[in-house]
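Below is one structure, written out as structure tokens, with a few remarks after it.
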Amino acid sequence: MINIVLFGKPGAGKGTQAEFLKTKYNLKHISTGDLFRFHKSNNTELGQLAQSYADKGMLVPDDVTIKMLQDEVERNPDTDGFLFDGFPRTINQAEALDAFLESKGWKVDATIGLEADDEILVQRLLERGKTSGRADDQDENLIRNRYQEYNEKTAPLMDFYKKQGKFHGVDGTGEIAEITNRLSSVIDTLN
Ligand SMILES: Nc1ncnc2c1ncn2[C@@H]1O[C@H](COP(=O)(O)OP(=O)(O)O)[C@@H](O)[C@H]1O
Ligand SMILES: [Mg+2]
């Protein structure tokens, strides 16, 4: 069992890289953003609740997010591990994740941060917004609001994981395949 947190701002390439890593290492990719959108399009109660926050560029309350995540983990008993994407975003969520994994006899094995400058990321998201249909990708102000939220609440997680010797920063710019190789070098040192 190997549990990896993919860390990085919106647009850093977490989803893109997870697509390659999940096949290579037989991991289940859990993107909380995708989960929200799934619950929303199926109009579940959790989905409606979560969307009301996401629409404002705000974080969804932890108990809602954690419930979705746990359900998804329970639905995938046969995987070799999980790639958590978009979660945790706060220290509180990181502690909740630790508690949940511990209840299974698991842990976070590594947190890998994809790094790129905001200006590159804004351009990527505006580009993604042309096809993703995501309202939060089409408005530069909403995008920058997400970065501010990230800097305040999510960036402190780097120290949280650094203190545990689990944080690995990776250059998130350049060719997609090249970045996959950088991530793989980190994953190959685990175990
Ligand atoms: N290395 C890269 N170079 C250029 N564009 C990229 C790269 N990686 C991802 N993208 C594009 O940037 C956008 C955001 O990537 P995505 O994987 O959705 O990020 P995240 O899941 O971290 O928000 C997507 O449109 C994706 O196609
Ligand atoms: Mg994503």
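Every residue gets a Cβ built from N, Cα and C, even glycine.
Record features, source TrEMBL:
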- G11, A12, G13, K14, G15, T16, R128, G174: ATP binding site (BINDING)
- 31-60: region 'NMP' (REGION)
- T32, R37, M58, L59, V60, G86, F87, P88, R89, Q93, R134, R146: AMP binding site (BINDING)
Exercise for the section: Calculate the distance in Å between the alpha carbons (Cα) of G174 (ATP binding site) and R134 (AMP binding site), and round it to a whole number. Expected result: 24
Problem - In the chain carrying K14 (ATP binding site), residues 6 or more apart in sequence that have Cβ under 8 angstroms from it - result: L6, F7, G8, S31, D85, G86, L114
Handout entry: DSSP-derived helix, strand and coil totals, residue by residue, for the region 'NMP' (31-60)
Key = 20 helix, 1 strand, 9 coil
Exercise for the section: Give me the non-local Cβ neighbours of R89 (AMP binding site): same chain, 6+ apart in sequence, Cβ-Cβ under 8 Å, ordered along the sequence. Expected result: L59, Y150, K153, T154, L157
Practice task
With a 10 Å radius around each C-beta, find which of these binding-site residues (A12, M58, V60) has the fewest other C-beta atoms nearby.
Solution key: M58
Handout entry: Cα-nearest neighbour of A12 (ATP binding site) within the listed binding-site residues, V60, F87, R134
Key = F87
Problem - For AMP: widest Cα to Cα gap among T32, R37, M58, L59, V60, G86, F87, P88, R89, Q93, R134, R146 in Å - result: 24
Fill in the blank from the handout: Going by C-beta under 8 A and a gap of 6 or more residues, the same-chain neighbours of F87 (AMP binding site) are V5, I30, T32, T65, L69, Q93, L97
